[in-house]
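Below is one structure, written out as structure tokens; comments come after it.
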Amino acid sequence: MYKHLDKINSPEDVKKLNYKELDELCTEIRNYIIEVVSKNGGHLASNLGVIELTLALHRVFDSPKDKIIWDVGHQCYVHKIITGRRESFKTLRSFGGISGFPKTSESPHDIFNTGHSSTSISAALGMAKARDLKGEDYSIVAVIGDGSLGGGMALEALNNVSHLNTNIILILNDNEMSISKNVGGLSTYLGRLRTGKIYFKFKNELEFILNKIPIIGKNLYKIAAKCRDWFKYLVVKGIMFEELGFKYLGPIDGHDIKTMEKIISRAKNYKKHPVLIHVITKKGNGYKIAEDKPEKYHGVGPFLVETGESLSKNNGKSYSSVFGDKLIKLAQEDKRIVAITAAMPEGTGLSKFAEKFKDRFFDVGIAEQHAVTFSAGLAKNGFKPIFAVYSTFLQRAYDQVLHDICLQNLPVIFAIDRAGLVGQDGETHQGVYDISYLRSMPNITIMSPKSGSELEKMLEFALHIEGPVAIRYPRGEAPYYDFQDSPIEYGKGEVLFNGKHGIMIAEGTMIGSAIEICEILKKANIYMTLVNIRFIKPIDKNLLDELASKSLPMYTLEDNVYEGGLGSSILEYYSKNNKKVDLKIFAHENGIITHGSISELLKLERLDTESICNIILSDIKVDKNDSK
Ligand SMILES: Cc1ncc(C[n+]2csc(CCOP(=O)(O)OP(=O)(O)O)c2C)c(N)n1
Ligand SMILES: CC(=O)[C@@H](O)[C@H](O)COP(=O)(O)O
Ligand SMILES: [Mg+2]
């Protein structure tokens, strides 16, 4: 039971509250978010940091007539709670429940779907231009974090602002953090702006006061503005945003609703200019545990509210940490190994590497395209770069992988984490496209390990390949099997066992399901051959020829979309070589895969063991007395 929150059904209800009540509402929202995220998991620290900011925005603007676009969108919980989704917030990130990111399908208040960073300014500018062309009148607001502001797309959009000559309001939510500590020159620059606080307060007040004096005020302001420029360059070297065409307001305290309302209202009246309001917030605000460790509580699984202790049952090592630990061992032996991340040191398992090899570790910020071409440069000059990146975020750098690495056949290793389903982050984050988008690129080798031990071997093997290599592995715990991996040979698959009724060819994490499927089928007297394909590219042609010669039903199984995936590749090979095969592809057939647990999503995609077994059972009929 919450005194104020229980009555909030729309932003209009928030507008009715006085400041004391608003303070109480903030506390209630904070507790509610902590309560739900502690059960469902989610993006905690960023949301706790924007409670006051979100309320201030919704009190000044009239959503959904005025449009608020959330960059990345991982900080949209407060927005969701006060725009009619207070109750459904309890279903956050669960299958069939509400998404952890803005979804236009969920509410008219969600203006633009996000999930990947740095898109909001471009989207806002496009919408603003369309608004102007249609002669409509409303505000368009983009809320972007200091980390996301450094992303290439955001910088491209900033560069376009003055040229477009339209009005958007950009809220720069500066908490000095990306997921980890924010990095880069822009972040240093923001630091300088933060320390220029007194000057900006003075400047904004001066402008406001002088503009209120009829006629003479405007002239006085112009004179003052000239002095201001001199003063500005004296106090803060280069107000970049103003040079780019924005009216810069701030920095202001992002936990002070009254001040924010005043400044945002002022920004709302600058109808002709783009305005940037620099808001300073604290990640995790109000929940000491998250305030102290904002990186750990950026995105969390279920946890105990009192202590922050994780409630996830992690029995074994994640693929990410298997990768990180092995890379350290390899780097100790080979000084040419360098590691690159685009703002994901912790998630990709590189944090320990970063501590151990400070000079050989590069966090380039949220800049996947740059990370790829930067890796190309390192490779060109004799190093062995390993870019660890989530499958979904590598999508950003398609052309850099093709143009800068594959066409030049440079030996860069892509350690593609979160390949396949990721679960609760949902459609924007599922890593189910990488086989398809990489497979068509020249020179690249693509591997997929079935286990932690195979990932280690593949990583070591990859260092000896003279060209680009991608190793894809999923989110979460890495299985270890009680049988030995056969040695890795370039372009060769591994036959795990032979059976006479059918053939299953699987990749990576799907080997676990395939083993289970084969065990279940055995109970129905169906004996399958199981192949761990290991190399998606180049595909093992000799093995495929041998398998085709058996004239048995064949099945491929992969954690990737149907189009352009492993199954496609095998079919292409057979078609090209005029081999008639009876082959079914098990892959993701829905191009867009919602949020939920991996097991729920596998069921949805009919890639769970039961669905697959049922199909094979209806295909393969055997005599009851038939033996292995
Ligand atoms: C293209 C892309 N790369 C990486 C990520 C992963 N990611 C999500 S939030 C985040 C940090 C964003 O920092 P900031 O914009 O400052 O927001 P904050 O969490 O500090 O509120 C990162 C790196 C992403 N969503 N999109
Ligand atoms: C919002 C975002 O893009 C990241 O925070 C992402 O949710 C991290 O995913 P993992 O939890 O798999 O590291
Ligand atoms: Mg930030």
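Each residue, glycine too, has its Cβ placed from N, Cα and C.
Here is what TrEMBL says about this protein:
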BINDING   His74, Gly115, His116, Ser117, Gly147, Ser148, Asn175, Tyr287, Glu368  thiamine diphosphate binding site
BINDING   Asp146, Asn175  Mg(2+) binding site
DOMAIN    317-480  domain 'Transketolase-like pyrimidine-binding'
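Each of the binding-site residues Asp146, Glu368 was scored by how many other Cβ atoms lie within 10 Å of its Cβ, and the smallest score goes to Asp146. Sequence-distant neighbours of His116 (thiamine diphosphate binding site) (same chain, 6+ apart, CB under 8 A from its CB) are Val72, Thr392, Phe393, Gln395, Arg396, Thr428. Of the recorded residues, Asn175 (thiamine diphosphate binding site) and Asp146 (Mg(2+) binding site) place their C-alpha atoms 7 Å from one another. In the shown protein chains, 23 other C-beta atoms lie within 10 A of the C-beta of Asn175 (thiamine diphosphate binding site). Among the binding-site residues His74, His116, Asp146, Gly147, Asn175, the residues whose Cβ lies under 6 Å from any atom of ligand 3 are, in sequence order, Asp146, Gly147, Asn175. For the thiamine diphosphate site, whose annotated binding residues are His74, Gly115, His116, Ser117, Gly147, Ser148, Asn175, Tyr287, Glu368, the maximal Cα to Cα separation is 32 Å.
Following the DSSP three-state reduction, the secondary structure of Asn175 (thiamine diphosphate binding site) is coil. Just so you know, the Cβ of Gly147 (thiamine diphosphate binding site) picks up 30 other Cβ atoms within 10 Å once every protein chain is counted.
If you draw a 10 Å sphere around the CB of His74 (thiamine diphosphate binding site), it holds 25 other CB atoms from the protein chains shown. Counting only the Cα atoms, the space from His74 (thiamine diphosphate binding site) to Asp146 (Mg(2+) binding site) is about 14 angstrom. The two recorded residues, Asp146 (Mg(2+) binding site) and Glu368 (thiamine diphosphate binding site), show a Cα separation of 16 Å. Ligand 2 lies within reach of His74 from the binding-site residues His74, Asp146, Asn175, judged by a C-beta closer than 6 angstroms to any of its atoms. As a whole-number mean, the pLDDT of the domain 'Transketolase-like pyrimidine-binding' (317-480) in this prediction is 98.
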